[in-house]
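Copied over from TrEMBL:
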type: TRANSMEM; residues: 12-30; note: transmembrane segment
type: TRANSMEM; residues: 36-58; note: transmembrane segment
type: TRANSMEM; residues: 70-95; note: transmembrane segment
type: TRANSMEM; residues: 159-184; note: transmembrane segment
type: TRANSMEM; residues: 216-242; note: transmembrane segment
type: TRANSMEM; residues: 248-267; note: transmembrane segment
type: TRANSMEM; residues: 274-297; note: transmembrane segment
type: TRANSMEM; residues: 317-348; note: transmembrane segment
Amino acid sequence: MFKERFFRIGHGVIIILIIIFLAGQIPYFTAPLTSVLSFVLLPLLFSTFLYYLMRPLVRFLHKWIKNKSLSIVISFLVVITIITMVFYFGGSIIYNQGKELSQSLSGNYDYIYNFILGIIESLREYINFDQSFLEDLNLRERIFSYANNLAQKISSYNYMGIFSSITNFGLIILLIPFVLFYLLKDDKKIFDNLMTFVPESKKRKVEKMGVEIDQILSTFISSQLVVAFFLGLVMFAGFLIIGLPNAVVLSLIAMITSLIPIIGPFFGSLPAVFVAVTNSWFLFLGVLTIILIAQYLEGNVIRPLVQGRRLEIHPIAVLFVVLSGVYLFGFIGALTAVPFYVVVRLIFRKKYIEKEI
């Protein structure tokens, strides 16, 4: 029994984990290794994300402009122009509304406290509990304590995360365009070089699997961007219709967080709900209606249209994968968890179930 393939693989995994654990106990070994990995992997990660976003434009231009390097440079100029125009025309609006939103969120603790009390009082008509329950709950103290703890965490949090310094952060930002340029220019050459490490007997099957992985990553990244843009656009239009304050910033927050599957849209909608609650019941109900409409259109129209059935991941699996990514690597883990899971699942299926490689 212990000679079976499953146990041999299990022994190998256990040995690798033991080596990683023991290496992690040596600070002078793990500290520089972590710095090097973060310095190398982060530009590669962001460049790969941008590669799949810009590749369709580069290929379109390459049909008309035979020089691929020139097609890439023009694509860079198009993207830079779009970003510059967004900041030029919308930068002041985003800044002013962001400032107003920050002041609004920091000045309405009492209103939220009374709002929660109102909900509890309404529930008393259906659920019998003593008035002493409200006193024991200490809602006001709990809200202020939570808000203060949150503010302290935000003020003390290292937003650079795994970047060791501002210098490293700047170098990483500078590296991304260069890495992206060569990914766009030499993508086929890089793939061919990687294939030289594959045995000749398995090369055709591994090439086929590589094409599938490429299609999966392209589908996920492009579809996630389209879905996030659509949700942000729908919420912006809805917020304008109902007259919600700071509609630009609130819809922008919803759009950015929607890049994270499942939990992103939920957390991205909370600031809009909070602002609506502090203004009127009409805005509160209007925001809830807009969120429900946007989520319905996203799940039943937009995502099936742009993503199809290529990924075939159950929402429960997506939820746990994203939460695991958040727990281990924060925001970056949340963004990369699903494509990483899908790629690993594909390799596992090809290797151990279909036994193609």
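Yeah, the Cβs are placed from backbone N, Cα and C, and that goes for glycine too.
Sequence-distant contacts of the transmembrane segment (248-267) (same chain, six or more residues past either end, CB-CB distance under 8 Å): 90, 93-94, 97-98, 101, 224-225, 227-229, 231-233, 235-236, 239, 275, 291, 294-295, 298, 315, 318-319, 322-323, 326, 331, 334-335, 338. Same-chain neighbours of the transmembrane segment (36-58): 68, 71-72, 75, 78-79, 162-164, 168, 171-172, 175-176, 179-180, 183-184, 187, 217-218, 221-222, 225, 332, 335-336, counting only residues six or more beyond its ends whose CB sits under 8 Å from a CB of the stretch.
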